[in-house]
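Copied from Swiss-Prot, the annotated features are:
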- Gly833, Val834, Pro835, Gly836, Cys837, Gly838, Lys839, Thr840: ATP binding site (BINDING)
- 72-281: domain 'Alphavirus-like MT' (DOMAIN)
- 801-963: domain '(+)RNA virus helicase ATP-binding' (DOMAIN)
- 964-1116: domain '(+)RNA virus helicase C-terminal' (DOMAIN)
- 1380-1493: domain 'RdRp catalytic' (DOMAIN)
- 50-458: region 'Methyltransferase' (REGION)
- 830-1085: region 'Helicase' (REGION)
Amino acid sequence: MAYTQTATSSALLETVRGNNTLVNDLAKRRLYDTAVDEFNARDRRPKVNFSKVVSEEQTLIATKAYPEFQITFYNTQNAVHSLAGGLRSLELEYLMMQIPYGSLTYDIGGNFASHLFKGRAYVHCCMPNLDVRDIMRHEGQKDSIELYLSRLERGNKHVPNFQKEAFERYAEMPNEVVCHDTFQTCRHSQECYTGRVYAIALHSIYDIPADEFGAALLRKNVHVCYAAFHFSENLLLEDSHVNLDEINACFQRDGDRLTFSFASESTLNHSHSYSNILKYVCKTYFPASNREVYMKEFLVTRVNTWFCKFSRIDTFLFYKGVAHKGVDSEQFYKAMEDAWHYKKTLAMCNSERILLEDSSSVNYWFPKMRDMVIVPLFDISLETSKRTRKEVLVSKDFVYTVLNHIRTYQAKALTYSNVLSFVESIRSRVIINGVTARSEWDVDKSLLQSLSMTFFLHTKLAVLKDDLLISKFALGPKTVSQHVWDEISLAFGNAFPSIKERLINRKLIKITENALEIRVPDLYVTFHDRLVSEYKMSVDMPVLDIRKKMEETEEMYNALSELSVLKNSDKFDVDVFSQMCQSLEVDPMTAAKVIVAVMSNESGLTLTFEQPTEANVALALQDSEKASDGALVVTSRDVEEPSIRGSMARGELQLAGLSGDVPESSYTRSEEIESLEQFHMATASSLIHKQMCSIVYTGPLKVQQMKNFIDSLVASLSAAVSNLVKILKDTAAIDLETRQKFGVLDVASKRWLVKPSAKNHAWGVVETHARKYHVALLEHDEFGIITCDNWRRVAVSSESVVYSDMAKLRTLRRLLKDGEPHVSSAKVVLVDGVPGCGKTKEILSRVNFEEDLILVPGRQAAEMIRRRANASGIIVATKDNVRTVDSFLMNYGKGARCQFKRLFIDEGLMLHTGCVNFLVEMSLCDIAYVYGDTQQIPYINRVTGFPYPAHFAKLEVDEVETRRTTLRCPADVTHFLNQRYEGHVMCTSSEKKSVSQEMVSGAASINPVSKPLKGKILTFTQSDKEALLSRGYADVHTVHEVQGETYADVSLVRLTPTPVSIIARDSPHVLVSLSRHTKSLKYYTVVMDPLVSIIRDLERVSSYLLDMYKVDAGTQXQLQVDSVFKNFNLFVAAPKTGDISDMQFYYDKCLPGNSTLLNNYDAVTMKLTDISLNVKDCILDMSKSVAAPKDVKPTLIPMVRTAAEMPRQTGLLENLVAMIKRNFNSPELSGVVDIENTASLVVDKFFDSYLLKEKRKPNKNFSLFSRESLNRWIAKQEQVTIGQLADFDFVDLPAVDQYRHMIKAQPKQKLDLSIQTEYPALQTIVYHSKKINAIFGPLFSELTRQLLDSIDSSRFLFFTRKTPAQIEDFFGDLDSHVPMDVLELDVSKYDKSQNEFHCAVEYEIWRRLGLEDFLAEVWKQGHRKTTLKDYTAGIKTCLWYQRKSGDVTTFIGNTVIIASCLASMLPMEKLIKGAFCGDDSLLYFPKGCEYPDIQQAANLMWNFEAKLFKKQYGYFCGRYVIHHDRGCIVYYDPLKLISKLGAKHIKDWDHLEEFRRSLCDVAESLNNCAYYTQLDDAVGEVHKTAPPGSFVYKSLVKYLSDKVLFRSLFLDGSSC
């Protein structure tokens, strides 16, 4: 900041010197304003008058040392030690600045007159008369007061007001102002004072014994004491005299007596105890009682004065937790007290040694001592021959420079005169490049002779010892150590090994490898060592025998330090880790090093757990004898080679990694299965693995990657087979026309129960009549699939790759030897090229089709390469030398050639690294070229739950070649590529500006008629791709699918308004999308996102800069318990003020433009104009396309203009639009999910997170069906509903898969601007008949009641029938002083996104709560494939899954799904508070928690378009949750309230009154205006343009509370 101000001033001064008069005036004004501001800022600092005469240099010293004050130097008073005396005033004011004004303060040995003059009536001075000097000083202070009062009296003036209270107190109660007792014995009373007490000690703690200081402070209940004292580092040496040059003072030491005086002055000396001062310097804590201590902390050093503070600490606040398992409460409390006492004592002892053990602290507080060492000097008396020794401080660098040089002298040259000559030369000058320069070592010249003697003696001694060592130990080929051991061996014979070990352990003989150890005395000691030794000599250290505990603690500390390099190492529980090491008898340091080596992949072992928690560490370290059931077992025993067919029949097909109790890979070489057909009729259970996260990989990294690739095939096969088995179990005997990505064939009837979208499937899962499930390889004839007699049903899938996975597994299994893959020795070269750099062209130019092999990921790429290679008419590229990766793996060994000279892999970085290693090995090549792009989309693991560690993603290569010239990309895209790649990226394209973007008003506006798209159509997500295909666009692909392809023109489309994680500035998907075209790219998007920002930046790049990228040709190239409090809200009644215009203004500021819409006839316009709709399979009754005319009664007209719409009339078109935009518009985002197994894991997390531990098991003693439960359900129903059940006999069930469909007539208002561009669809209601509800309603009502009773209600709120007051009570114990992250998960299309996985999760929860199996199966079939009928509109259709909005489980089902979703993604064990309601959620986490990629997890596992918000205040169910220091208050959303005041469906005045009462109920809390400011902040988080709204809140209260006034918000529509 200072540099900026200097630069600005310099620039202004240069401007002033210019010739432009106008600019000069402006610059002068600016300089003047700056000077005024600076002087005003200085005037605001405390003012101190410095009356004593000081020199200019001393003036600068005082000013720099105390920048907090504005010091005025008058130089009007000559005095002894004038600088030190003036600094005393500054030091006093500095200490008083640290104390809150008005707090009772004890000035130990202070100047009471100074406090009186400053008007400090709250200071008590303890001024004991310890010597004559003290008496004289006290009398002088009294004289100064008398002198001051006499001057006032002589001038007929009164004591100023700010001093009046202090002087009156001194006149009436002088003992309250000053006493003459020592601070330890002071009798000052604090009866009327209740606040915190402080103390200051200005140059007075010298005379207070350090051992009594803490107790004295506690006796006065002092909170913090600030002190200042003089000290010098040189006092720790043997010097008896030390100067303090800045204040012209000195210390003289004689034994324990330390005298302080000012040089050249006759003032009295001050004598103190040296050991006592040393305690204040070195000690950290000062005990005050058996509970409390005062901890010292240095603050600053200024002008030879050290400032520090002593803070009061209550040691009872140490955490008293101790692990215990048992029922003896007395034993438990005793153990807890013992552990706490040890922890307190250890903490205090450690704090005592902070300064002594921390060299950096010593260097900081003794800056002059850094890199200085203490060297002894020797002398001898000529008369008595008595030798003397003293010490001096010398630069360590100087010492070693001399020693290293003179050690090179020959024996004759090693003389004292030569040493002295060299020392003198380097002290006087040094020669640099022939020029004499000043020496860098400022050593006192008077010491050079003595230092030279020390260096000479030390070197002489070292030379003699070397000669002695050589003469003593030249014993032939054997060393002395070997001779010694030979003698011992002859003496003890066969017992020698144990004798040798005992001798070494008892340290009777000490060896270091092959030489005896000889110790040489140190030349010097460091200042830090001397400080420690001086302190220990002067102070009696407290003795506490904690050596064993300290050693254990040190070992654990070192182990945890070793573990601290790991990610998320802060999650370690030290106690659990310690217990684990003790129980397994593992050395903590060894365990830590093993864990670090494993996690950093330095050990040849990979553990696939994500976080190094204590449980995972224990699991990884325990041996086979102590392993529990299901844990990992690492052994080295021989294992029989298992039979693959036998394993599958028993359901034991195993992973390549270490899983369960299998110690090695089970894919050993076996001749049993030689063809893929032998997989036919393998049991499905043999291919399904429920736990793939407990895998351990061993060996080099390439071997681990290859094992992981095999396991990924097993995992993909497992998930696909598991899902088809589930489909077979869930499919009912029905025949519907809807086509799906999977199919189910009924063998007996030869009918498709579920028709697949594809044909001629190569494999499937067969269900036999015995209800057994097998994987079958399918054959076809003209009638369809050829089946066997014992087959009941066949399930097929067009998505999964089980057939190819089986073939790959067969091939790879044959390559393994003893369960281990072989790694090729071929050279691997990575060719890293930018997009369009001509990788394929380069491959074709380098390949020799006679002896090389080209492998590509996709079939289209292989055909393209063959076509280009054979373009000349000569067939050189065939299916033998240009193949896809899958074809090569599946058909390995079937071709004519098995060995190739060179291997070329195109887009190799999109493959699994283990797959690349296998390809190199299988090709038997000498060199492999892997072409790829390190910045584009890498291999993506799409199997949920399967581990793919981060370091596995890095391909090990021998050489890297780069290609940085793109032949495809235009210049503007090349500009973007330069930001992503190392090195300069150039282009050959003549196109400069090629990218553009267009914001579309909504997803519905993109259709082939109104928006034809140019060129290749790309999307980011599969859901957007399916949406464009359904609207009639052709040839649509995702960005990931076209990586490596080239197109002239590209249209990139985004229809998803919610955040997509792959659309980011540094995302590889964005890079691929921008680099597919050669001429143009246009991006169509419904929202602003990072890609729009990138394109806009590229559009602004000048053509001049783009020319720089052009080239003509390619170049070569621990648990804490916080206080719990509960309080009530402060209530301040809100004034009833404001007008209608206030509400309108506020609404327009928050949602600009919404109030100007004329949407009363939007529904009529849609009916009368042509409309094009993309409809899925459904049946329409066109006879109901024209609704019967109805008389429309006039409604009340609102005075507040909002975006509210008129009620709509039910009809075919209106209902169909609602169905298309809601039920037919479900996203498809999820990846490969093993539904049943993953659902089971999710439900485990749900029960562990939310339910009380004692209620996690279902209560088998109660019945779900009872008269009471039915009566409770009936009591909640309307009379009309009960009447519909009059003819129901409850004997048989109606069709549970048949639903009715209807719409809500009133559109839901959105609090955003979408109404301006979209026609809002009505909300749909899909519901069962009341007969089905009568059966399942009481059932699920009881299950819900049991679930809510089991929830941990202290932390979780499942918002069912809760009032706002109950919400406030739940959140009322949030501590606003604790930093928290407030999280909200917002999910778009929540009901329609729910698929088979969500149903499986919900059914598993109900099953564990006690739902009967038969009814559970009935309910499941009623929600799988369902038929919707809308009798009013004449629409019939079929839906798979989705949440039914009128179901008996709609609300509670949505609630448990959102809770399960969050429990599977977030660390709920850390959660403070959480609330769930339908699709709404609100979570409070401690500040700083780490969260996973929520969007990716929600997409791939839960099929949710979700975004996670971090906020300051929560928003829950249309209400703002405001937590504050007294509790919590819940405010209804005021903007939502205003929006409702614009309602256009109010029938009459009675209806309006009912409407007002309902609004009053929900907005009751707005009557309390105490927290309007926090409400403004909360609203501002959601609506960025919202102004402070207290005026509109009061206006709402005014109108809602007055029945007559509320009527003025509406006009009678019949009279208009």
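Counting starts with 1 at the first residue shown.
For all residues, glycine too, the Cβ spot is worked out from N, Cα and C.
All features noted in Swiss-Prot, drawn onto the structure.
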residue : record           : Cβ contacts under 8 Å, 6 or more apart
Gly833  : ATP binding site : Lys839, Tyr931, Gly932, Asp933, Thr962, Arg963, Arg964
Val834  : ATP binding site : Asp933, Gln935, Arg963, Arg964, Thr965, Thr966, Cys969, Leu977, Tyr981, Val985, Ser1075
Pro835  : ATP binding site : Asp933, Gln936, Thr966, Arg968, Cys969, Leu977, Leu1071, Val1072, Ser1075, Arg1076
Gly836  : ATP binding site : Thr966, Leu967, Arg968, Cys969, Thr1046, Ser1075, Thr1078
Cys837  : ATP binding site : Arg963, Arg964, Thr965, Thr966, Leu967, Arg968
Thr840  : ATP binding site : Ala861, Met864, Ile865, Arg868, Asp906
DSSP residue counts for the domain 'RdRp catalytic' (1380-1493), split into helix, strand and coil: 42 helix, 34 strand, 38 coil
Cβ neighbour count (within 10 Å, all chains shown) around Gly838 (ATP binding site): 17
Additional residues around ATP, ordered along the sequence, whose Cβ is within 8 Å of the centroid of Gly833, Val834, Pro835, Gly836, Cys837, Gly838, Lys839, Thr840: Asp933, Arg963, Thr966, Leu967, Arg968
Mean per-residue pLDDT computed across the domain '(+)RNA virus helicase C-terminal' (964-1116): 87
Three-class DSSP secondary structure - Gly833 (ATP binding site): strand
